[in-house]
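Below is one structure, written out as structure tokens, with a few remarks after it.
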Amino acid sequence: MRLIKSAAVVALMGACAIATMDVRPAEAITLMDFIRGGKKRTAPERAQPVQPMPGFGMAVPPTAEDRAAVKPPRVSSPRYYSYKADALRKVATERLLDPVVTGSVRTYDLPPMVRAPTSNARQFLPEVDVRATAEVAKAVEAFYAGRSDFLWVQGGEVNARAKSALAVLKDAASVGLDPSDYAVAVPADDYDRADMTARQKDLARFEIATSVAVLTYVQDTVRGRIDPNRISGYHDFKRKSVDLFAFLDKLAAGGDVAALIEEQNPKSSQFAALKQELQRLRAQKDASPRVEIAPGTLLKPGESNPELANVIQGIMLKGSEALKQEHAAVLAGYQGTPDYTPELVTLVEAFQKENGLKPDGVVGQASIRVLTGGDTVADKINKVEIAMEQARWLPDGLGDRYVFINQPAFTASYTENGAEQFSMRVVVGSKSNQTYFFQDEIQTVEVNPYWGVPQSILVNEMLPKLRSDPNYLDRMGYQVEVGGRVVPSSAVDWYGSTTSVAVRQPPSSDNALGELKILFPNSHAIYMHDTPSKSFFKRDQRALSHGCVRLAEPRRMAAAVLGVSVDEVGKEIASGRNKALPVPSKVPVYVSYFTAWPNKDGTVEYFSDVYGRDMYMNRAFDATRKARHLEG
């Protein structure tokens with residue numbers, strides 16, 4: 001374990017792309033007001049004031065007129081895109097004729113000893129018009145260029161291998177895919193034997209179309225139909241590569257074709273649970289009674305709201321028999337009035353506690369979700385299909401040891417030896433400062449950390465304050481560097497460029513990162529960390545940070561990834577020294593976004609789409625469907 005000595009390195013490690021404070025106007029209260037609810041502290045150490053001087057990143061303060069004319073810049077957040085699906089192109093079947101049948105001589109005009117071993121259908125390949133993505137088309141062209149016989153046709157008939165493959169493709173919906181993407185017109189068994197040309201043309205098209213459909217299915221099962229990085233700048237995945245040519249070769253070598261195709265699907269226990277849930281939902285009818293509560297309803301104790309009647313109706317429908325018996329007198333005496341009286345507050349609090357919600361009597365989004373029954377069956381099916389698609393972006397099997405963060409669930413869990421050891425509440429980015437969706441490896445735990453203020457925070461939130469109060473950072477105990485040189489905050493030209501300015505907060509009880517941070521180096525500067533704002537973990541809706549992941553039990557998570565006891569982590573913190581503790585064996589971390597995901601018992605749970613990303617997934621599905629079924 002080595003002491004971090006370089007301020008530049010620490011600032012880089014500490015740069016959370018999107019900070020860890022409540023979102024309020026920077027000019028209204030100080031940074032510590034954000035974190036400590038108004039409490040300020042005296043800076044323990046401060047650079048000595050120096051006379052402002054011109055230079056790189058520093059200049060004589062502008063005049064009042066100049067200041068009035070200059071608007072603070074903004075650092076923009078990533079954006080969502082209009083999804084662009086892979087375009088299809090014609091498979092170049094004109095290149096696939098066997099040399100012996102190229103030119104004017106037809107196969108059936110040749111003596112038997114020089115005929116190609118396939119049926120007469122091959123000579124009609126140039127007339128076949130089948131479209132595929134570039135990767136699939138290239139694999140099909142390469143496969144047939146190197147062989148003279150067909151894979152799916154034998155003796156002028158569709159063979160058993162083809163029938164097995166088509167049965168798997170027809171059942172694509174069971175694994176969350178769209179069967180119409182892999183539909184193939186099968187030549188009829190009953191055909192006009194007087195018109196063999198038409199028959200051979202049908203077989204030639206069927207051969208190529210089946211190979212395209214099988215490879216498209218295989219590619220979709222392995223990596224998903226959707227390229228996540230085309231959805232938004234918040235998605236960051238290296239798309240999996242699939243050796244499609246090798247797969248066709250493997251099918252040609254024999255074996256159980258159906259099994260070979262089906263086994264390309266993810267093998268994780270989570271995917272299996274999602275598949276089982278999808279089957280259950282499709283067999284279920286959405287006939288359970290539901291109560292409607294107006295969107296956006298927020299009911300607090302002592303208020304009056306006409307939606308209260310629907311809230312009480314929801315408790316009657318969704319509350320346990322024990323709860324309804326305990327509060328029978330209140331329920332029987334309620335006359336549908338809009339006044340939220342103390343006895344009704346007590347009833348609501350009991351219902352909230354029963355359903356794992358914060359029992360504060362405030363009826364908001366989380367409570368309404370439970371009262372109304374949450375998602376319909378159709379909604380759940382959609383969420384499961386999206387989850388199955390997104391699961392394909394992750395490794396096939398998450399590993400025996402990993403950390404899994406699910407943003408819509410506001411949880412982080414630690415798994416070891418293939419079993420979840422614990423789970424804890426987390427705070428993730430707000431809707432305006434969203435946490436990314438990506439995977440990485442945990443490398444370091446830093447105790448008593450510095451907080452390197454990222455440019456997004458410095459520019460968007462601190463700069464307006466600094467322009468009116470250049471001493472702000474000095475007073476709050478922050479360290480400021482310009483071009484690697486420590487300077488007072490008051491010496492910086494806050495109307496100039498801030499690209500050469502580095503700001504960091506030294507370790508302390510007021511530090512925005514608390515006692516420790518857990519680092520997995522990534523281009524988004526996102527990590528897990530402690531926080532002084534413990535009250536946020538009591539909330540049901542915890543999309544409240546500037547993008548990093550705040551842990552309710554940071555010492556426990558740090559001990560798990562380090563492979564030590566919580567007490568040992570506590571001793572390192574108690575030393576008061578800033579120290580980087582290397583993780584002995586890198587731990588995969590999945591910073592994920594699933595609105596449907598199985599818990600440790602395999603039961604699929606559903607969560608609110610806090611960032612609205614499922615809508616963009618559905619748009620991507622639609623765009624892909626249109627691209628794949630476009631005529632021409």
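Yeah, the Cβs are placed from backbone N, Cα and C, and that goes for glycine too.
So that you can see what the record holds, here are the features copied from TrEMBL:
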type	residues	note
SIGNAL	1-21	signal peptide
DOMAIN	401-569	domain 'L,D-TPase catalytic'
ACT_SITE	His529	active site, proton donor/acceptor
ACT_SITE	Cys548	active site, nucleophile
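In this structure, Cys548 (active site, nucleophile) belongs to neither helix nor strand by DSSP; it is coil. A separation of roughly 8 Å, to the nearest angstrom, links the Cα atoms of His529 (active site, proton donor/acceptor) and Cys548 (active site, nucleophile).
Counting every protein chain shown, 28 other Cβ atoms lie within 10 Å of the Cβ of Cys548 (active site, nucleophile). The average per-residue pLDDT of the prediction over the domain 'L,D-TPase catalytic' (401-569) is 94, rounded to a whole number.
Residue density at His529 (active site, proton donor/acceptor): 27 other Cβ atoms are found within 10 A of its Cβ, drawing on all protein chains shown.
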